[in-house]
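Taking it in order: structure first as structure tokens, then the write-up.
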Amino acid sequence: MNPLAISIFIMSLAIGTTITISSHHWLLAWIGLEINTLALIPVMTKNPHPRAIEAATKYFLTQATASALVLFSALINAWQTGEWTITTLLNPSSTSLSIALMMKLGLAPLHFWMPEVLQGIPLLPGLILSTWQKIAPMTLMLQISQLINLELMIFIGLISILVGGWGGINQTQLRKIMAFSSIGHLGWMLIILKFNPQLTLLSFTLYLFMTSAMFLSLIVSNTTKMQDISTTFTKIPVLTSFMMLILLSLAGLPPLTGFIPKLLITMELMKQNAIILASTIMFLSLLALFFYIRLTYILTLTLSPNTSYSTSLWYFKTKINFLISPITSFALFIFPLSPSLLLLM
């Protein structure tokens, strides 16, 4: 694709997200969401493969449906209240708006588009879809968090954690596994959203770092299937070791970064006397832990270390190597800073 066209689409993604984040008006927020959706579709179909076209079509139809529901709910709310302000919502409109935003985020049971779309597109658009495209809907969710029905959020969050763990167990495609991982992490954030929105924001920020680090590692190693990662240790041993740690961080094991949101969310639920809810989400997370551990086993324990005779130039052809070191550091080693992060909240 023409570099000028790519730069225009990437700039449109940034502009759309910025408009949504900075808006206090539902119409402006909807415009930003639409710009985001339309800017990503050409990036998805950069390689005109039938699978990429199918994934882009599914993505467009799902996002168009969610955007129409956002606009419809905002119109009804403006008709009832006489205001377009995001934080002024009545009960029926807040429920339909939250469902539309959950569809945009890919939360269960509105998640069916997410694994299929992510599987059909290349890794770089998949990185954008799993990280950048979730910023705008999550920002709107944070703004209306105190107006959403608590029972609905807990139900959707529990279903998302269950689907995120159960759906990823039987997968062999890494992009689908990352899609179900995303669903599970967003379920944790949704459960705590009404209790502590700042904790949701912290969890979402750490999720962006961990998911970005994993996708960048997959891009550099050029792996999309489980059988591909079993041989990466002989080619890029250092990156493979870090990929194993990133997967354990995504699983939420201490002392890695991914342990911070799980620890703080569980502590917050205990403070709210939601002990049964905290126990339930921890038990459901064991499903996701299983496929993360399985991936780490395939990465590092299925092939004995041996010398590679291939040249070292082939895996430095990508232009994103300079991003891997800082993002991986954030994705792995922030846990000692968690007291400082709590003070910032």
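Glycine residues also receive a Cβ, built from the backbone N, Cα and C atoms like all the rest.
Any TrEMBL annotation is an automated prediction that lacks curation.
Taken straight from TrEMBL:
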type: DOMAIN; residues: 23-287; note: domain 'NADH:quinone oxidoreductase/Mrp antiporter transmembrane'
type: DOMAIN; residues: 289-341; note: domain 'NADH dehydrogenase subunit 2 C-terminal'
type: TRANSMEM; residues: 26-44; note: transmembrane segment
type: TRANSMEM; residues: 56-76; note: transmembrane segment
type: TRANSMEM; residues: 147-169; note: transmembrane segment
type: TRANSMEM; residues: 200-220; note: transmembrane segment
type: TRANSMEM; residues: 232-253; note: transmembrane segment
type: TRANSMEM; residues: 274-300; note: transmembrane segment
type: TRANSMEM; residues: 320-344; note: transmembrane segment
Other parts of the chain folded back onto the transmembrane segment (200-220), taken as Cβ under 8 Å at six or more residues beyond its ends: 123-124, 126-127, 130-131, 134-135, 138, 142, 145, 174, 178, 181-182, 185-186, 188-190, 192-193, 236, 239, 242-243, 246-247, 249-250, 257-258, 260-261, 264-265, 315, 318, 320-321, 323-324, 327-328, 330-332, 334, 341, 345
Folded-back contacts onto the transmembrane segment (26-44), same chain, C-beta under 8 angstroms, at least six residues removed: 1, 5-6, 9-10, 12-13, 15-20, 52, 55-56, 59-60, 63-64, 67, 70-71, 74, 77-78, 84-86, 104, 121, 124-125, 128-129, 133, 136-137, 140
